[in-house]
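One structure is given here, and the rest of the page talks about it.
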Amino acid sequence: MPLSRSLSVSSLPGLEDWEDEFDPENAVLFEVAWEVANKVGGIYTVLQTKAKVTGDEWGDNYYLVGPYTEQGVRTQVELLEPPTPELKRTLDSMNSKGCKVYFGRWLIEGGPLVVLLDVGASAWALERWKGELWDTCNIGVPWYDREANDAVLFGFLTTWFLGEFLAQNEEKPYVVAHFHEWLAGVGLCLCRARRLPVATIFTTHATLLGRYLCAGAVDFYNNLENFNVDKEAGERQIYHRYCMERAAAHCAHVFTTVSQITAIEAQHLLKRKPDIVTPNGLNVKKFSAMHEFQNLHAQSKARIQEFVRGHFYGHLDFNLDKTLYFFIAGRYEFSNKGADVFLEALARLNYLLRVNGSEQTVVAFFIMPARTNNFNVETLKGQAVRKQLWDTANTVKEKFGRKLYESLLVGSLPDMNKMLDKEDFTMMKRAIFATQRQSFPPVCTHNMLDDSSDPILTTIRRIGLFNSSADRVKVIFHPEFLSSTSPLLPVDYEEFVRGCHLGVFPSYYEPWGYTPAECTVMGIPSISTNLSGFGCFMEEHIADPSAYGIYILDRRFRSLDDSCSQLTSFLYSFCQQSRRQRIIQRNRTERLSDLLDWKYLGRYYMSARHMALAKAFPDHFTYEPHEVDATQGYRYPRPASVPPSPSLSRHSSPHQSEDEEEPRDGPLGEDSERYDEEEEAAKDRRNIRAPEWPRRASCSSSTGGSKRSNSVDTGPSSSLSTPTEPLSPTSSLGEERN
């Protein structure tokens with residue numbers, strides 16, 4: 001099914017300042033999710049980064065509701081007394097009836113207040129509540145599915161809490177309850193079944209069935225309309241989970257997804273079209289000077305180079321100054337995350353670099369947690385050898401420096417033959433002998449429990465990337481989350497990303513994709529796909545994404561082999577860039593971080609909440625969406641320093657300019673390119689803020705004769721807007737060098 005080309009509900013004219021802000025004086029927001037102070041997946045990042053902008057809007061009327069976990073409370077939560085009498089009475093009432101409810105402050109930016117429900121302490125009511133769920137919603141939950149049973153307990157506790165909170169308030173506030181994912185969806189269904197006066201929102205960050213189907217190697221997007229969803233869910237033994245998710249989507253006043261591609265998926269699998277798309281953002285920390293993040297890149301790259309020196313000892317026959325670091329990171333879903341496509345493209349890239357005699361070397365990291373039992377001995381030995389060589393060099397350097405100093409002190413030139421004695425040469429020879437190894441550097445840094453059947457390792461064996469000296473592409477599989485306390489690669493994830501040159505995320509199923517978004521915020525170019533939410537968002541809002549270091553791989557309309565070829569082209573073009581071109585591109589990439597800031601994207605969540613209030617309390621709130629002309633779409637323009645395509649830039653008559661007479665130092669003529677970084681940055685900042693907001697909806701509330709009016713955004717759901725200027729025929733970096 002082709003994607004719609006009409007104006008998107010997440011179009012960037014929404015970055016304009018609103019005339020009025022929402023006044024939550026008599027409204028309370030509860031955001032309910034399984035990952036509140038409980039890191040499991042990407043929803044944790046959404047809640048953690050969004051907390052500040054939501055707290056700024058709602059103040060002390062904003063609460064997060066999640067499960068109690070001992071580890072999470074011990075490391076992330078400061079337990080407190082409830083700040084209001086109503087909330088204190090609510091918690092006391094639930095605790096007196098056999099529940100365990102905790103209250104505190106989540107120790108993250110913004111410091112939001114959290115209500116934590118102890119699911120395990122309420123297991124005594126599981127069978128009764130499962131029976132009530134069956135009577136109310138006709139959803140049966142098998143005894144062996146612990147995750148689904150926890151979802152039932154969490155849902156009933158959440159509903160109990162919301163009902164008790166309303167009962168303890170004499171002046172009933174307008175309550176908005178925002179539920180994330182199916183694990184919290186039971187609570188939403190029960191709120192509607194019990195007719196609680198609550199405005200409900202359900203956000204799906206990925207559909208259950210979509211994730212399972214894509215992992216099963218089916219042609220997912222071309223068959224969305226043809227799936228028998230009940231049959232597919234039943235065959236995968238997730239029918240009860242699917243029913244929870246679908247019921248929550250249909251019961252909610254407002255249903256949202258995180259991207260246009262997921263909206264299409266939800267419409268066919270969950271049988272409800274999302275009311276609004278709420279893209280995921282990040283907390284963007286801007287640098288006071290343009291060169292600061294470039295310096296951080298150099299420092300982090302030096303840390304990675306130290307690891308590479310140790311890992312490839314004995315085979316370090318490539319120039320580290322001409323080495324590029326690529327990486328892929330995320331959940332270990334081999335096909336969904338595109339690791340299969342990345343490996344195939346690396347094999348083809350290796351062939352291209354070898355046959356063309358390139359001096360560039362590529363080290364590709366795979367950061368995907370898998371089952372291991374220990375570190376690889378060879379990997380540990382490599383870091384020990386590197387440290388030994390460093391200590392030996394420092395010892396010899398100190399002795400050499402001392403003798404040189406003494407010789408110069410007496411006014412004579414040193415005799416170089418006497419600067420080092422026999423003992424020093426022996427020490428250096430022993431260090432050199434220690435670097436000799438008979439085997440290739442290891443591909444995997446750990447010992448895998450299922451080495452023979454691991455998808456990444458079996459593919460590496462098939463394509464033959466064994467880190468040999470002849471290979472221009474080296475592969476390192478790190479099956480563990482990065483940590484600054486690791487004895488192998490002692491860097492955290494953020495520092496690692498800053499030190500790399502390119503993030504590669506050729507996902508087949510990626511509802512949003514925080515990894516390429518994090519790369520963008522840190523000024524690191526990345527490759528995404530038109531099947532990921534992030535890729536669609538960038539393709540929609542940027543006229544020429546590749547000029548800004550955002551490469552969009554076509555996995556929607558191309559075959560798997562063609563997608564591999566396109567990815568290989570992207571990688572090879574990137575390898576051909578000069579260092580100066582990469583620096584300029586990183587500057588452009590970092591400037592796109594404004595597009596991903598919660599200060600802007602958080603407004604789509606505001607819109608969803610206002611829409612829910614209008615539907616739940618129509619006597620007090622109104623929401624009037626305006627129709628939008630699709631021609632009013634806005635796209636972030638190409639950088640002014642990027643030349644247009646040759647067909648558009650050719651002179652109509654023979655013409656010779658002063659620029660043509662300037663010397664061109666390299667084959668690409670890079671040093672003749674006039675480029676003012678500060679001027680470029682100023683233009684891009686104006687481009688973000690300049691567009692006018694083409695659609696408005698009023699959301700007014702009346703309480704006791706007073707009215708509040710707020711402007712919120714809405715619009716028809718779609719995918720890609722119409723470009724405002726012609727695009728060049730190609731999207732690779734080759735265009736930038738023409």
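Cβ from N, Cα, C; glycine included.
Of the residues Ser672, Ser702, Ser731, Swiss-Prot records the annotation phosphoserine for Ser672. The record from Swiss-Prot ties His291, Glu292, Gln294, His297, Lys301, Arg582, Arg586 to alpha-D-glucose 6-phosphate, and of the options His180, His205, His478, His501 it ties His501 to that site too.
When the residues Thr714, Thr724, Thr730 are compared with Swiss-Prot, the one annotated as phosphothreonine is Thr724.
Of the residues Ser486, Ser645, Swiss-Prot records the annotation phosphoserine for Ser645.
Feature annotation from Swiss-Prot across Ser412, Ser468, Ser546 places phosphoserine at Ser412. In three-state terms derived from DSSP, Glu510 (UDP-alpha-D-glucose binding site) belongs to an extended strand segment. Taken over all pairs of the listed UDP-binding residues (Lys39, Arg331, Thr515), the Cα spread reaches a maximum of 16 Å, rounded to the nearest whole number. Taking the Cα atom of each, His205 (UDP-alpha-D-glucose binding site) and Ser412 (phosphoserine) are about 74 angstrom apart. Note on the binding-site residues Lys39, Arg211, Arg331, Trp512: the fewest other CB atoms within 10 A surround the CB of Arg331.
Taking the mean position of the Cβ atoms of Lys39, Arg331, Thr515 as the UDP site, the remaining residues of that chain whose Cβ falls within 8 Å of it are Gly41, Gly42, Thr45, Ala329, Gly330, Tyr514. Put simply, of the recorded positions Ser412, Glu510, Trp512, the one whose Cα is nearest the Cα of Arg331 (UDP binding site) is Glu510. Shown in sequence order, Gly42, Ala206, Ser507, Tyr509, Pro511, Tyr514, Ser532, Gly533 are the same-chain residues outside His205, Arg211, Arg331, Glu510, Trp512, Gly513 whose Cβ sits within 8 Å of the Cβ centre of the UDP-alpha-D-glucose site.
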